[in-house]
Every structure is written in C-alpha cells, then in structure tokens.
C-alpha cells in the first residue's frame with residue numbers, strides 16, 4: 001500500500017513539474033513561434049503547396065490592427081494554406097519581445113497556419129531579373145523605397161514559390177477560385193495589391209524584366225500597378241468589363257473590380273461610415289480598404305457600427321476582440337508600404 005502511494009505521489013509530482021515547466025516556457029516566451037513552426041524553412045513550406053504572402057518592408061515590429069486583421073482573415077479563409085508574413089524588421093537573431101510589448105505580433109505568431117519570416121531581399125531576388133538591379137541601387141537615395149522594395153519583393157516571391165500575394169489592408173472574405181489571376185482596379189487597369197500565380201509563370205518573369213528596363217522611382221506606381229497594367233496589355237487585348245464577369249486571356253484571369261474593389265478608392269471613407277443596409281459583397285473574394293488614402297486617420301472604433309467595425313467583427317474576430325478599443329482609446333490603421 002505504501003509503495004503504491006509513493007508511486008502515485010511520484011507520478012503526480014512529475015506531472016506537476018512538467019506543467020510548471022511548460023508554463024514557465026510560455027510565460028517567458030509568449031512571443032516565440034511554436035517549435036513545430038520555427039524549424040520549417042521557407043522552401044519546405046512553400047515548395048509543395050500554395051500559400052498566402054504578406055510583406056512588411058519597413059522596420060516596424062508591431063503590426064497595426066489592420067495588418068493583423070488582414071493576416072488573421074486570410075488564415076481563417078485558407079486554413080489549409082500557409083500564410084507567410086515577411087518582415088524587414090525581423091532577423092534570425094531578433095530577440096523576441098514580450099506579449100505585452102507587441103500583442104498583435106504575439107497573436108499572429110500563435111495562429112497555426114501563420115508563419116513569420118525575415119524579409120531578406122537579396123536572398124529573395126536571387127536568380128531573378130531583379131537581382132542585378134537590387135545590387136546596384138542606392139536605396140537611401142530612392143523615392144518611395146518602401147513601396148518599390150515591396151513591389152519588387154512580391155513579384156520575386158510569387159514567381160519563385162507561387163501562391164497569392166495580398167496587401168496588408170486586404171480583408172479576405174471567401175476563397176479565390178483562380179490560380180493565375182490579376183485583380184482589376186478598374187476597366188483596363190490592373191492593381192498589384194493582390195494577385196496569384198503558379199510558380200515560374202512567364203508573365204511574372206516578364207514583369208520583373210520590365211521592372212528593371214523601365215525603372216523610374218519618381219513616378220508613383222510605375223513599378224506596381226502601372227507595371228502590371230502595361231504588361232497585361234502586352235499579353236492581352238483588354239476590354240471593358242460586362243456586368244460582373246471576369247476576363248480570360250491565355251491562362252490568366254483578369255478579375256472584375258467587384259472581386260476586390262467593390263468600394264473604389266474615391267469612396268474609401270464609406271468603410272468608416274454607418275450604412276442603413278450593409279452591402280453583402282456576395283461577388284467579392286476580399287476587400288481592399290485603401291489604407292494609403294486614410295491620411296486623416298479614420299479609426300476603427302468598438303461600438304460604432306461602422307462598416308469596417310462589422311467587417312472586423314466577422315472576419316478577424318480575435319483582432320477585433322483584443323486590439324480594437326472604444327471611442328476613448330480608438331486606434332487608426334497606420335500607413336505602410338503593404339497597404340496602398
């Protein structure tokens with residue numbers, strides 16, 4: 001009887017020690033990636049399955065709540081896909097701050113299918129037409145470098161690995177059924193805020209060649225939507241859209257503006273208004289919130305019943321619960337290169 005009691009106490013003690021050990025690890029490393037995620041390399045993660053790609057080309061480490069919502073909504077809509085967030089401020093030796101310091105980053109790192117990687121442009125641009133351009137450029141002297149470096153990186157990543165690139169002010173609401181596609185911002189005009197291709201698609205290779213040949217940092221969008229549009233015109237005979245139907249050209253789909261831009265950039269403030277009857281967005285796959293237009297700092301406010309608050313509540317509920325405050329402590333979506 002005594003031996004059984006001793007054995008029982010020993011087992012209980014071991015269990016308690018194990019629990020305390022795990023608790024200590026979690027308490028001191030709330031921001032760290034789970035071990036099963038930290039050992040997965042980029043190539044292994046993206047080489048055999050499609051993924052969703054986000055970029056942060058500034059040095060900031062704490063994603064604004066709109067970035068958090070974009071990543072969370074993508075992870076929710078594509079639960080079987082890796083959602084990869086490249087961050088310039090993150091390195092292999094970056095010390096992991098506490099949960100209280102960077103709550104959004106900590107939350108995103110804990111989502112099962114979200115993976116955070118350092119943005120190493122030199123490595124990403126290797127074996128592409130952009131590599132020699134990058135080695136010759138003086139980034140500090142370039143206008144709009146954060147946006148241009150983002151434009152270059154997204155082309156190289158999707159060309160190498162395939163998948164879907166999204167700006168960090170895009171809220172996913174349903175899966176995109178296309179493999180090779182561009183998103184129309186308007187008739188005969190393509191955006192580069194969201195696009196998807198299979199690996200090594202020649203359209204993206206030609207885009208990278210044109211990026212270098214016609215590089216001009218003084219022209220806003222020249223390496224971004226203007227590039228996509230002029231290359232699409234080379235590949236396809238563009239026509240006006242008829243109703244809500246997409247255009248097909250070779251093996252590329254040019255998706256109707258309603259798919260991602262049902263509210264145009266001229267009307268971006270409508271996201272921050274209360275609607276009598278909210279739109280269903282039943283033909284849209286994702287919503288681009290035009291955060292770059294939000295120079296006046298319009299905020300997402302808990303309890304406001306604005307369209308954007310209700311989108312957060314439905315499509316990124318954890319971000320809404322943890323990061324969105326009431327009128328006394330409202331926060332805006334900070335501007336960044338990935339939310340144009």
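Glycine is no exception: its Cβ is also placed from the backbone N, Cα and C atoms.
Residues or ranges marked as topological domain 'Cytoplasmic' in Swiss-Prot: 1-4. The annotation transmembrane segment is assigned in Swiss-Prot to 5-25. Positions annotated as topological domain 'Lumenal' by Swiss-Prot: 26-340. Under the heading N-linked glycosylation site, Swiss-Prot lists 99, 138, 251, 282.
In the structure shown, across all protein chains, 251 is the one of the glycosylation sites 138, 251, 282 with the greatest number of other Cβ atoms within 10 Å. Comparing residue 282 (N-linked glycosylation site) with residue 251 (N-linked glycosylation site), their Cα atoms are 25 Å apart once rounded. Looking at residue 138 (N-linked glycosylation site) and residue 251 (N-linked glycosylation site), their Cα atoms lie 37 Å from each other.
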